[in-house]
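Everything on this sheet refers to the single structure shown next.
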């Protein structure tokens, strides 16, 4: 039976959360090395063992935040009891809705002001938005190839594991679970809360200060939103995705309404002064200003990788994942360009540049305070929908971390009847609530997120190039142009250099936080024979063992049993040898 036939036969059987590719990545074995171990249980196991290729199957995934990663602790010669059976129940439409819904958040309603304030002209602003879409698309296209080649849950965590090994994957997971995901969702939930409270406290009128809203009301509303979203994502297996489709439909309709209103104003000859003067008049000539504008545009487009995190649950992922990614990027890019043009039809560029609530100003300019209220609700609803998409993938990421033993195994268990990661969602909701409660410092958090997330984006897409070189025979159902990842990596390096030069202390803080995951990785893998412990950690472990009065297993001896205060030692033959 050929490798492709074996892979098809394996996929025809009921799937559990997909195990990892093997650690060996030789190019002449690339197709088999990725596909042959996609199941660690079932009737195929004896055949794999007879081949003698591996005695154990260990995942190279990380303590990451997406569902169904490569199982680090899975064994071919031991019963696999910690994997939960999952179904492929995400359709192409649902995957598109997940991506589009995650991208249409608060960015398109607030970032236009930052972009035009830095570019200083309408034409340059629109070009930055187009460039942001194209650059985001290059990254999305690279992720489409990686996802169709490695069709398992986990997104960047799985791809980093296969390209660089488990440590880099673990650092990505550590950073994402502990800071990026809960911190980002805290920001989105607070924006949702502020807009919703503006409606309740009647502060959508221009003359009323947003400071009139009590902070306790904003935080309580944000926490309530997190709890409601958490329930939606885990109440049933399909409710989270159905909610994503519903939220996305409304958000796309809202942006189309903005565009139609702008077209009507333009047809009636009521365009603002922004479109009556040359489009590129007074354009900025500062590269740093355009870099800041590009940051804001890319932040608005962020979310194009969300479908990769649930790739293992998609129907026909090898074909549908690239379709979902390209369809969502085309839809979002078009909607964002048309919405920005509509803003400039109604508002002059000075007003847009000074506003961080462009959508509300747009509604007030057309319909007065009532229009401001309607658009405030639209922004709040958009944030709520984006929160649903990111929480859905975050909970499944944490569940995989539990199954990989990066977190207690309790977080990797699915609910017995609902088959959803309830425990993982509880952890994510708790972390998000803590970020909301602490409050403040979100500007620093956003800077942290920019540096950390783009560093891992760069490594992930660079991994595509590495795999093209090291494993040219790897089966790739979808293959992007090689210029695509190269262009994305070049832009990512530029975007990383700017904040590092402008704020070196914050960049060092990011490096320190990510590096803190290195000792955690070796601590969580201290009993894994496939993970060599660095000498510095081995010395520390030996010293700690002596302090406890329990000699480390070394010099040919290993601890095999303890009874009372006595310690029985047995001579062994190296690590993992049988005692005698």
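Backbone N, Cα and C define each Cβ position, glycine as well.
Just so you know, TrEMBL annotations never went through curation; they're auto-generated.
Under the heading region 'Disordered', TrEMBL lists 1-43.
The transmembrane segment feature in TrEMBL is assigned to 216-236 (among others).
Same-chain residues lying 6 or more positions outside the transmembrane segment (243-267) and placing a CB less than 8 Å from one of its CB atoms are 93-94, 96-98, 100-101, 104, 108, 232-233, 275, 331, 335-336, 338-339, 341-343, 345-346, 359, 362, 366, 378, 381-382, 384-385, 388-389, 392. If you look up TrEMBL, you'll see 243-267 (among others) marked as transmembrane segment.
Summarising the annotation, TrEMBL assigns transmembrane segment to 325-346 (among others). A Cβ distance under 8 Å defines the sequence-distant neighbours of the transmembrane segment (325-346), meaning residues of its chain 6+ beyond its ends; these are 96, 99-100, 103-104, 108, 112, 122, 125-126, 129-130, 133-134, 136-137, 140-141, 143-144, 147, 252, 255-256, 258-259, 261-263, 265-266, 271-272, 274-275, 300-301, 304, 307, 352, 358, 362, 365-366.
Marked as transmembrane segment by TrEMBL: 366-387 (among others). Sequence-distant contacts of the transmembrane segment (366-387) (same chain, at least 6 residues past either end, Cβ-Cβ under 8 Å): 101-106, 108-109, 185, 188-189, 191-192, 195-196, 198-199, 204-206, 225-226, 229, 243-244, 247-248, 250-251, 254, 261, 265, 303, 346, 357, 359-360.
The annotation transmembrane segment is assigned in TrEMBL to 422-442 (among others).
What TrEMBL records for 448-469 (among others) is transmembrane segment.
Per TrEMBL, transmembrane segment is recorded for 481-501 (among others).
According to TrEMBL, the transmembrane segment annotation covers 507-524 (among others).
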